[in-house]
Amino acid sequence: MGFSSVVGATVMIIALLVCGAYLYVTMDSYYENVDEAYTTYYSHVHAKLNEKLVITDVKSSTSQTNITIYNNGSVVVEPDKFTILFDGTVVPEENISYYPKLKKYLVPLDSITIVVNWTQPSRICIVSDNGNKYFYSLT
């Protein structure tokens with residue numbers, strides 16, 4: 001009788017250790033995923049808060065609009081990831097070009113001109129990659 005209770009207790013302890021190890025591995029990977037998601041979210045919020053673009057000049061004709069944007073923040077942005085809206089309508093990518101053409105990134109304290117071949121707008125909205133919206137009214 002004494003031998004079977006020792007074996008039973010040993011089996012129970014081993015089963016508890018295996019379950020504990022499995023639970024630890026599962027919870028550790030879960031918390032690692034949560035931590036990674038929080039880090040990504042924090043970096044996105046940090047970039048969004050430190051992005052400050054200013055529409056400094058708009059020159060518009062019937063078929064072309066030149067929009068000069070100045071980066072007054074501390075975050076490097078990519079102008080080709082901007083979404084441009086004229087009077088609430090999204091301007092297609094093929095109608096947008098940039099001057100200077102080789103400038104892929106807009107660094108702080110620098111400006112870029114976006115050339116839009118589209119109808120003349122009365123309201124312009126530029127949505128950055130971080131989700132910030134910048135408005136300009138021609139009226």
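Here the Cβ of each residue, glycine as well, is placed from N, Cα and C on the backbone.
Under the heading signal peptide, Swiss-Prot lists 1-18, citing sequence analysis as support. Tertiary neighbourhood of the signal peptide (1-18): none, as no same-chain residue meets a CB-CB distance under 8 Å with a gap of 6+ residues from either end.
Residues annotated as S-archaeol cysteine in Swiss-Prot, with sequence analysis given as evidence: C19. In the three-state DSSP scheme, C19 (S-archaeol cysteine) is classed as helix.
C19 (S-archaeol cysteine) has a Cβ environment of 10 other Cβ atoms inside 10 Å. Under the heading N-acetylcysteine, Swiss-Prot lists C19.
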